[in-house]
Amino acid sequence: MANTSAAPAGTAPQDGTRRDFMFLATGAGLAVGAGAVAWPLVASMAPDSATIAAGAPIDVDLSPITDGQIINVFWRGKLIFVRKLTEKEVGDMKGVPQGQLIEPAAFDSRVKKGHDQWLVVYGNCTHLGCVPIGHQGNFEGWACPCHGSQFDAVGRVRRGPAPINLPIPPYAFQTDAKIRIGEEGGKAAA
Amino acid sequence: MSSVHANAYVPKSRIAKWFESRLPIAGLVHSSFIAYPVPRNLNYFWTFGAILSAFLGIQIITGVWLAMHYEPSATRAFESVEHIMRDVNYGWLLRYAHANGASMFFVAVYVHMFRALYYGSYKAPREVLYILGVVIYLLMMATAFLGYTLPWGQMSFWGATVITNILAAIPVVGDTIQSLLWGGYSVGNPTINRFFSLHYLLPWMIAGVVVLHVWALHVTGQNNPTGIPIKSGKDAVPFTPYATIKDVFATVVFMILFAWFIFYQPNYLGHADNYVAANPAVTPAHIVPEWYFLPFYAILRAVPSKLGGVILMFSAVLILAFAPWLDTSRVRSANYRPIYRQFFWVFAAVTVILGWLGSKPPEGGYVIASQICTFYYFAHFLLVMPLVGLFETPKAMPGSILESVTGPGKQISGSGMPTGAAASPTTKG
């Protein structure tokens, strides 16, 4: 770089190196500056602290829910289904062969230990987020009106295009008739 | 009068001379929109660029005025739209013009794209011009989607939910993109606020790319129904008055259709569900996008895999940009390509059928038909375009644009560029 043809004849060689330094320093300054400007612009679009604070755990009273009923609750703006399974549904779901499932998951992994009758799942289809309609479809569970996915009584996907089972939010039983959503084993969700 | 159509702009007054030597904008307008040579055989398909410019203007003006009354918040948006409809003077007109204007914008852009694909306007030397058009189309789709979410009705809310979930399917960065769009854990108040901001921003980006699009057009010149380039002044007529008047006439006719929708069928192209306020606990029984997205929606649903459907849907738009290199024929206009022309009409029909399938529930025969049509859509670009160009024998081409108008061997005197069209005003041009 010190011998660039642009340097006019008679210029001292150190002029070239000074220009090189200016060029590199300016370029580095621009790159750092552009990054310093872009970072807050992008970061400001992330969920803000008020939104995060509003995402604290919630308690749900299970006592009014009757057999077979599904209720809607919201946590962090997300719809959650709380469903009390009937004895028949529990039996049917335990009997589903794993080979028939798109995403194999044992019955025990869908409920909390000792609370076989209670299902807590996110209420948005894992395809594109529509709300599946309860007690519809061929699997005692939900059918999505948007793109035809079907889920069984414990929220396992049985017919695509949804790729995975309805996810289970973090929750824990406080008593037999009360759950806290957003906290698992005494630890708050991130 | 013949000097009116002289090529170069010559300022006459002292003020004009003073100004032109400092900012030659009058000369730029003169060379771009007055003296600019236009092929003399253009048909009405070539007026849709002007119609699209008119609609960009209409959408920006009605949109700026609507923004004076609209409130972009999850709690106020729906009410503020009803406020516009009921309380604001002529608010109903502004909103219906803006909503139907978006649909008319897409009607016009689809005719414009049909024209480009049928007459081979994407081929050399117009590749960059054409790709800028695809970029404008993508920006239009983004703008229309963002705008549709703003009334915060049921379709708005669930449209926003479905589309942001589509983006979450992108591997690695999908979840981050989704979170940055939502500004929360789900579609909510921060989402509508930023969607409004982006909806206001994108039209100006469209306007910027339109300037590049017109610039590229004026470098390469317009294609025409024969696909033969302008060879002599007699093949062309000056932009003003010929193209100017024709463009304005076509725009006025198109406005009749626009006015019919605004005043007689203002909600025909919308969905009744969007007059129900957004409810995150209930999805409308039958959720469909606006009509202009339906073919792509059908492609999305044709694949029983989330990521696969998303990839195919984006590919269906992006593949348009590769047409200049996928088409191997040297003949531009499908008028002279007997085999390609038939394939092309099948392709056009398949696109319309895909749109119809996109409006149907995703069940049984509709899914199978969507899969067949999706296959044909891609086959048109990946098989038909490359192969037909290699094997087809094109029809005999006319010697020049003039010959295609007057018949072989005939000569006409005068007309064309640059001697002045006024010399023979009765000549067909």
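One is the number of the first residue shown, and numbering goes on along the chain from there.
Cβ coordinates are placed from backbone N, Cα and C, and glycine is handled just like the others.
Remember, predicted model here, so these are calculated numbers, not experimental data.
What TrEMBL annotates here:
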- B:15-226: domain 'Cytochrome b/b6 N-terminal region profile' (DOMAIN)
- B:229-399: domain 'Cytochrome b/b6 C-terminal region profile' (DOMAIN)
- B:408-429: region 'Disordered' (REGION)
- B:44-68: transmembrane segment (TRANSMEM)
- B:93-113: transmembrane segment (TRANSMEM)
- B:128-150: transmembrane segment (TRANSMEM)
- B:157-181: transmembrane segment (TRANSMEM)
- B:201-221: transmembrane segment (TRANSMEM)
- B:242-263: transmembrane segment (TRANSMEM)
- B:307-326: transmembrane segment (TRANSMEM)
- B:338-358: transmembrane segment (TRANSMEM)
- B:364-391: transmembrane segment (TRANSMEM)
Worksheet item: the transmembrane segment (B:242-263) vs the transmembrane segment (B:338-358): three or more C-beta pairs under 8 Å (separation of 6 or more)?
Response: no
Worksheet item: Counting Cβ pairs under 8 Å to the transmembrane segment (B:44-68), which of B:157-181, B:201-221, B:307-326, B:364-391 comes out on top?
Response: B:201-221
Worksheet entry | Contact between the transmembrane segment (B:157-181) and the transmembrane segment (B:364-391) (at least 3 Cβ pairs under 8 Å, separation 6+) | no
Practice prompt. Compute the average pLDDT of the predicted model within the domain 'Cytochrome b/b6 N-terminal region profile' (B:15-226).
Written response: 94
